[in-house]
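As recorded in Swiss-Prot:
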{"type": "COMPBIAS", "residues": "16-37", "note": "compositional bias 'Basic and acidic residues'"}
{"type": "MOD_RES", "residues": "SER2", "note": "phosphoserine"}
{"type": "MOD_RES", "residues": "SER2", "note": "N-acetylserine"}
{"type": "MOD_RES", "residues": "THR21", "note": "phosphothreonine"}
{"type": "MOD_RES", "residues": "SER43", "note": "phosphoserine"}
{"type": "MOD_RES", "residues": "SER67", "note": "phosphoserine"}
{"type": "MOD_RES", "residues": "SER109", "note": "phosphoserine"}
Amino acid sequence: MSQKQEEENPAEETGEEKQDTQEKEGILPEKAEEAKLKAKYPSLGQKPGGSDFLMKRLQKGQKYFDSGDYNMAKAKMKNKQLPSAGPDKNLVTGDHIPTPQDLPQRKSSLVTSKLAGGQVE
């Protein structure tokens, strides 16, 4: 029984060795490509923060996308002060449902519609 285990272990080791060599061969082309790119573009990868232009723009402060963003930021600075309503605070709307008789007469249009001409050819 011990002989069978010893026979199985060398087979497993050779399988693991094959995987290791395949991984090493797979890594070598990647390393070669990285070396080529580093030789071609030596300035890449040196600054973790990005380019000087980007760092300068980030140091200037917050920029707003449009006037809506600016107004929202401005409103936050005012500590959320809500504008007070005028003297009509007790005004209730929606208690009367209009009917066709309550509505004023519709004004006639000065320009006649081409669709309402009524002429059929």
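Backbone N, Cα and C define each Cβ position, glycine as well.
DSSP classifies SER67 (phosphoserine) as helix under the three-state reduction. Cα of SER109 (phosphoserine) to Cα of SER43 (phosphoserine): a distance of 72 Å.
When the alpha carbons of SER67 (phosphoserine) and SER43 (phosphoserine) are compared, the span between them is 38 angstrom.
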